[in-house]
Amino acid sequence: MCSDVDGMHDQPHGTQEEDGAAPSRRGFLTAMTMAGGVAMAALPSVPAMAAPPVDGPDASMTPDAALAEIMAGNARFVAGKPTAHLQDLSIIKARAAEGQWPVVGVLSCADSRVPVEMVFDEYIGRLFVTRIAGNITTPEIVASLEYGVAVLGLKALVVMGHSNCGAVKAAIDNPEVPGQISALFPAILPALYLARSKDAAIVTRTNALVQAATLVNASPVIEEKVKAGTLKVVAAVYDVATGKVDMLPVPADMLMRG
């Protein structure tokens, strides 16, 4: 694996500004093929799952409304005026005991500086959160979010990277690391390839986009909902210094399926 990473680093890299153009469609396709191979390598072939009816209190909420809700929460968090902690905890606990009806699923980095519910000022049961270093799309992550979409009725999925991400920096630098840490690197390499840069901020944004696209490309369950307009998948980057989340729409070129 290290030889693959070294090979990537032997290629000339320049920022998109230096190159004078965004990555070509061929670059998109190459990167997404790489990403899809990593995400789907251990994914068993199964028929698409029919979603059971979801009869939660927010069943009629649109994807745009769900995203607007969490972005309004992030604005409160940035302003230092969160409200989630003001909710009646006894009511929230009673509702949680009856079941869960989250509206947004989030794939976030495992970094301790990215407390997802706090960042979006949401209370218990509102978000369906998966976390892994580098916010990478693995078969287990895909399966978890498929459950959220097909069974829990999620309206939107957010793949969120963050500034100063150690996993991204490690993938760029390719250091000697102990144990299984280097197993994270192959999933981030497509972003490094597509970004044509070793600037961590650029690679972080690109990685969020790549992982969001891979999530759709790897899952017929998620793709079907996206095509039907009942689910929206977006990328995002969280600034650990300011607390602000920037949403990034996923370019159509990054979606491999017809």
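Keep in mind that glycine also has a Cβ here, set from the backbone N, Cα and C atoms.
All annotation found in TrEMBL is predicted automatically rather than curated by experts.
As recorded in TrEMBL:
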COMPBIAS  1-16  compositional bias 'Basic and acidic residues'
REGION    1-24  region 'Disordered'
BINDING   CYS109, ASP111, HIS162, CYS165  Zn(2+) binding site
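Excluding CYS109, ASP111, HIS162, CYS165, which define the Zn(2+) site, the same chain contributes SER108, ALA110, ARG113, VAL114, ALA133, GLY134, ASN135, GLY161, SER163, ASN164, GLY166, ALA167, VAL168, THR204, TYR238, VAL240 within 8 Å (Cβ to the Cβ centroid), listed in sequence order. Each of the binding-site residues HIS162, CYS165 was scored by how many other Cβ atoms lie within 10 Å of its Cβ, and the smallest score goes to HIS162.
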